[in-house]
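Working notes, structure below.
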Amino acid sequence: MTVTRGLEGVVATSSSVSSIIDDTLTYAGYNIDDLTENASFEEVIYLLWHRQLPTVSQLKELKQQLAENAELPQAILDYFKMFPIEKVHPMAALRTAVSQLALFDEEADIMDSEANYRKAVRLQAKLATIVASFARIRKGLNPVAPRTDLSFAANFLYMLSGNVPDAIAEEAMNKALILHADHELNASTFTARVCVATLSDVYSGITAAIGALKGPLHGGANEAVMKMLTEIGSPENVDSYIREKLEKKEKVMGFGHRVYRQGDPRAKHLKQMSEKLTKLTGQPEYYEMSIRIEALVTGEKKLPPNVDFYSASMYHSLGIDHDLFTPIFAVSRVSGWLAHILEQYDNNRLIRPRAEYTGPGMQVYVPVEKREEV
Ligand SMILES: CC(=O)SCCNC(=O)CCNC(=O)[C@H](O)C(C)(C)COP(=O)(O)OP(=O)(O)OC[C@H]1O[C@@H](n2cnc3c(N)ncnc32)[C@H](O)[C@@H]1OP(=O)(O)O
Ligand SMILES: O=C([O-])CC(=O)C(=O)O
């Protein structure tokens with residue numbers, strides 16, 4: 001048996017959802033640069049689920065379905081008040097709330113493709129409401145009901161703050177949602193596919209994926225980047241902070257990638273938005289720290305920034321709480337997880353690799369009363 005640590009380079013499935021070829025990322029054949037500049041997040045959701053861009057009427061229908069399904073069962077909002085909400089990480093709350101949603105969905109265990117598509121719409125719509133409602137309830141504020149006349153991006157920011165965002169904030173959030181929507185067989189998507197390949201239900205697949213996204217080597221890195229920027233505090237502290245980290249062989253969050261070698265094509269868009277928004281909101285030091293960190297890490301380690309690096313300063317400048325950065329990643333990535341889950345059901349085979357055994361050789365059972373104390 002040959003073990004490929006971390007399954008690096010292993011091709012574990014076929015998929016028509018997204019591709020990374022020669023450091024170019026496409027969703028169903030569309031370059032993300034093109035989509036980021038031109039599309040709405042709702043169009044991208046449709047693209048990921050159908051592998052084609054929607055017509056005007058198809059887009060209208062999807063928007064209506066998302067709007068109609070955005071509200072949460074009151075019991076889920078009430079449940080938030082039952083745990084020590086100020087101490088709970090919002091990713092843990094999101095993971096739990098998504099699992100609870102299944103308990104309110106009569107179709108949760110109905111496995112036909114139409115029911116699965118309806119569940120996809122419900123989950124896509126409700127994740128944003130969960131994250132925004134949790135963020136408000138923990139501050140003692142009432143949740144803000146979703147508005148059906150706003151774009152997905154604007155409605156999310158509206159539900160978070162209670163104010164309709166300006167065009168710049170809406171555009172930035174729309175782009176960020178597009179850039180995070182899918183990424184081939186990343187760890188959380190693989191987790192979702194492994195889960196539903198047992199023919200478990202869509203809610204189980206998304207709950208499992210949220211758990212995988214939470215870790216700092218994956219989606220959790222954006223919050224970790226913000227923690228680093230906060231610790232550094234100002235541009236003149238960057239050099240000593242980063243050099244010490246690299247000397248101690250510690251990882252600098254937001255850098256490196258398992259697949260990209262020349263660089264993550266999403267980072268340049270987030271970098272541009274970080275520059276613009278940090279200046280506009282009077283916090284240019286967050287961008288200045290970030291570009292100095294990038295210069296040092298790319299110079300010394302040849303590691304370019306990934307999607308999580310500039311998204312941190314960008315979300316910060318939108319006034320978003322730092323521990324919501326990874327939940328917002330999930331609000332977007334659920335579109336990709338759902339596309340992959342539906343694709344997995346369409347052509348399913350149980351995912352079950354092997355392990356090379358490295359434990360003790362054959363042992364003889366000794367009854368407990370005869371075992372020597374150690
Ligand atoms: C949405 C996303 O999931 S994007 C990724 C988000 N995660 C992060 O930003 C966390 C920081 N980055 C990392 O931990 C890694 O680059 C990963 C996990 C993303 C991918 O890494 P892998 O392909 O598994 O590489 P691995 O962790 O084995 O590292 C290979 C070498 O590069 C070094 N390295 C990799 N990333 C970094 C980093 N961010 N900072 C410093 N050194 C790094 C490792 O220390 C290791 O060095 P060594 O060979 O001297 O021991
Ligand atoms: O693909 C990966 O390994 C991680 C990543 O960038 C993502 O999920 O967006």
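A Cβ is built for glycine as well, from the same backbone N, Cα and C atoms used for every other residue.
Remember, predicted model here, so these are calculated numbers, not experimental data.
Copied from TrEMBL, the annotated features are:
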{"type": "ACT_SITE", "residues": "His257", "note": "active site"}
{"type": "ACT_SITE", "residues": "Asp308", "note": "active site"}
Mapped DSSP class for Asp308 (active site), helix or strand or coil: helix
CB within-chain contacts under 8 A for Asp308 (active site), separation at least 6: Gly219, Ala221, Asn222, Ala224, Val225, Met253, Gly254
Surrounding CB atoms that lie within 10 Å of the CB of His257 (active site), all protein chains: 19
